[in-house]
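Worksheet: one structure, shown below.
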Amino acid sequence: MKALLQFSQQHKHISQKGVVNVFKKSKSMTMALILCLAVVTAACGNNNSGSSTNSGNTASNGASSESGSDKKVTINFMHLWPEGVSAGQNKIVNQIITDYQNEHPNVTIKQEVLDNEQYKNKLKVLSASNQLPDVGVTWAAGFLKPYVDGNLFTPVDDLLSGELNGKFVAGTTEAYAIEGKTYALPLEFNIAPIYYNKEIFKKYNLEVPTTYEQFKQVVKTLSDNGVAPIALGNKDRWTGSLWYMYLADRIAGQETVANAIKGTAKFTDPGLQQAASEVQSLVDANAFVKGFNGLSNEEAKSEFTNGNAAMYLMGTWDLPNFTTNEDIPQSFRDSVGFFKFPTVEGGKGNADSWVGGPGVGLFVAENSKVKEEAKAFVQYFVTKWGEQSVTGAGVIPATKIDTSTLQLPQLYIDLFNELNKASSITLFADVQLPANAAETHLNMIQSLFGKAVNPEKFASEQDAAIVKGN
Amino acid sequence: MSSTTMKLGGEAKSGSRIGMKVGYAALYLVLVAVAIFQVYPLIWLLFFSLKNNQEVFNLSPFALPSPPHWENYSKVWNAGNIDTYFLNSVWITVAATAVTIVFGSLVTFAITRMKWKLSSLVLGLFMVAMMIPVHSTLIPLFSMFNKVHLIDNPLSLILSYVAFNMPITIMILLGFYIALPKEVEEAAVIDGASIHRVFFSIVFPMTSSVLATTGIINMIYNWNEFIFVNTFISSDKFKTLTVGVQNFIGQYTTDWGAIGATLMISILPILLTFLFLSDRIVEGIAAGSVKG
Amino acid sequence: MDKVLSNKKVIALYVLPSLLLILAVVYIPIVLTGYYGLNEWNGIGAMKWVGLDNYAALIKDHAFWSSAGHSLLLAVFSMLSLIIYLVVAMVLAAKLKGANLFRKIYLIPMLLSSVAIAQLWLKIYHPTNGIMNTLLESLGVANPPAWLAETDLVLFALFIPILWQYAGFYILIYYAALKNIPSSLEEAAKIDGASSFQIAYKIKFPLVMEVVKVTIVLAVVGSLKYFDLIYVMTDGGPNGSSEVMASYMYHKAFKAYDFGYGSAVGFFLLIICLVATWIIRKATASKDTIQYS
């Protein structure tokens, strides 16, 4: 305590002397500070006035919908193909925009690029303030519905019945239709085969399974030999949903699955419940990589591409990784094959029934000030994209293409042939279901795979969520 | 500093000398072990940034790929706009941090040193402002900024950063202000100094060590922030470095090596500033008392 | 003197700009969040007033309470780890050779963004080729756990990187607080014959106590609304076993398009923070602040 007292006196003493000195310096310091702040504020102010002309979502000089063709318009276009990683898509987008602007000198197209996750969040925030871009990317069915209910997307049926009539693969635009009107035009079309590593199969003398019994035997052989049979990243949940969907389709039949998702049938259907039990017996048979419920799809994919896991059920969007992607060793890419999900003995589904569907599509905002111009751009975009996306980015478009004229890797050609033979394509459950029910479905999938719920609870929880209808 | 260490040792009783030496050795061993653990992330990030996806997932995190993919860096650097993003990051971070610290100090000074009835209420208001999850604020903030035409304007970022970091800044300052001796200011007031002088020439400089601390914290937060940038900014010319990371997250694949390179590039300026500001913490009180 | 220190104009000048900014940028969203919570709203279409329905549902929502439990557990762990941070800061602030360098090195991880930290720890925890399991296997542990996939492990597996991520933040604050103690004070005590333990316990500790109190509040509030690493590393899974309040709010509002309900969760989180802070303030309140003032 004595020391403390001493200190404070000492301190006081020094500081009283110091006060005067500091004051001399202080004036300049204060001035400098104020100046700093002034500069900052001024800088902000300038930016403010500078940017206000190009801020806002629809062009300030946007023409009314029946405007003449020579009026200057800006179309805001938001998408999710950044230059860095989606180089192929990004190049096509930029090419299309440049061409379009050359053909329509009065139109300027302003892009905003975000990654998948950020894109979805921003779309939501923009919607709440009714500030959507004129043209943007959307997903089908369940994702689309709230935007349509909120009257934010405009129908594009006039385009479909006009120049684009018959250009789309049958069944693709329907995924974007609600109550008879179509609200977006699809750009992608995917199905999900089981990719497999031919080298591993050869090593253990395995044949491509065509029945589920054979498939289980393959799983057992691989597992017994210490090879992870299937790469699955079920942290993302939709990945596990694919397995359930296929089993449900093969056992209960395509219609039952589709109806259960629509709410006209129940997930408690015996066939659908059997599918859920099969999922759990696959888990018990160590069919999936270790820790699959904690792995992302990307981590799981690497288990497949590095040859640790023998099979991988995924959409055709991953084809570039198995054909053209130089980062992945040629020897691996050469050894990738695919097979159709095997049929289940006594089941109602057939091997040509696929899980898949259109991926992203383009919408035009209902309250866009340049709606007509935006629609014209979307029509142009969809057409041009269809011509270039397979060769330029490895993306299978939803518009019909003539594969015979294209130079494509064999894997693509084989899958195109399968597509043409498809008896039905069931849309991914999480895409088809409304958002809340989709969340329940995905959570239940993770719990089912993690054996935290039994097939009965798995079914009843989903039915309850679907009945709620949101 | 080393002479003090000597003195410390010298003052110890001779009997416990050996024990003390062993103790020090053990302490250093622990300190070095922890230090290695703490530096490892930087080295890991460097290695990470030199890998392609295949190597990111398959090589050991300790391994350097051969050959290293230096092209990740050129890929990042050539992917357009990174220089703009960089400059935006710098000036937005600096501006928001400076404003937060100065205004936070003013508020803390008024709350801890001046006498007014509502001070604890106002402090409470600032504290409650820390408690809202950021995702709850996005929709209301967007529509608000939209109404005042601040969307796609860096001012919306600065205002948000200042407002959301102000509470935590004030909280940290508070603990220091309370512990700060009042004699100096009291003397100055008796000498007839105005309150502004007391604040700007005595208190503000005296708190330089905590200012450096809150400066570092604010800077790190602002530098790494991306949710507000994505939500409020749509033009490339106003976006910041964190957006550079997104350039490599695709619809179905992510280019991890390039993300590593972006993170590596973006950590360098903040590392340098940190090393500089970090020394200010030590100098803080010493410099203050020489002046004072 | 009191006159100078209670000058209303000065107080207004110092406090009002910041206060107004906070009211506009933070309080309007808080109030609106409370309001959205009283509506059924998907964030896009029209709102439908439902009064306290969302809150009534929340009270009965097991998933929410389990996430709240996880958040509280994190808060307790963060509070306990403050002790470790304080000890480390005291060691660093002691007059050790190389303390300056150690301090800089120790704080490096706090510079990394959550994206980087999450990636690092995903590599550490990877079930087959992660650092942790490689190490365990080389030590002879057969079949080590898949850290992020086991429902009873995942939460604790996540706490470690979170506590590590924030170590720098608190060590920095404590370090600055300790350095703020005038060295003359310490020397005087030494002359009086105090041991370094006594110096630490009797002089340093009380002086940094104010700062410690503040950091307790920061740690608890920060933990209760924690989101980043959990979202990236597990997304709340598997089976919701690592879901916390903020991630639950995000899932409801942005994934399930239930913005009304999500807002109710957000508002409830705020109330829980308020109560926790009030309890901490009561528990740590002292009559007087500092000896030498």
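Glycine is no exception: its Cβ is also placed from the backbone N, Cα and C atoms.
Taken from TrEMBL, the feature domain 'ABC transmembrane type-1' applies to C:68-280.
If you look up TrEMBL, you'll see C:12-38 (among others) marked as transmembrane segment.
Sequence annotations record features per position, and here TrEMBL assigns transmembrane segment to C:72-93 (among others).
What TrEMBL records for C:105-122 (among others) is transmembrane segment. Nonlocal intrachain contacts for the transmembrane segment (C:105-122), taken as residues 6+ away from its ends with a CB within less than 8 angstroms of a stretch CB, comprise 88, 92, 148, 160-161, 164-169, 171-172, 228-229, 232-233.
Residues annotated as transmembrane segment in TrEMBL: C:153-177 (among others). Listed by sequence, the residues of this chain that lie at least six past the ends of the transmembrane segment (C:153-177) yet keep a Cβ under 8 A from its Cβ atoms are 70, 73-74, 77-78, 81-82, 84-86, 88-90, 92-93, 103, 106-111, 114, 117-118, 120-121, 125, 145, 147, 207-208, 211-212, 215, 219, 222, 226, 229-230, 233-234, 237-238, 241-242.
If you look up TrEMBL, you'll see C:207-227 (among others) marked as transmembrane segment. With a threshold of 8 Å between CB atoms, the same-chain residues lying at least 6 positions outside the transmembrane segment (C:207-227) that come near it are 71-72, 74-75, 77-79, 81-82, 86, 162, 166, 170, 173-174, 177-178, 180-181, 244-247, 250, 269, 272-273, 276-277, 280-281, 284, 286, 289-290.
The transmembrane segment feature in TrEMBL is assigned to C:259-280 (among others).
Outside the transmembrane segment (C:259-280), and at least 6 residues removed from its termini, the chain residues within Cβ reach (under 8 Å) are 30, 33-43, 47, 50, 54-55, 57-58, 64, 68, 71, 75, 213, 216-217, 220-221, 224-225, 245-246, 248-253.
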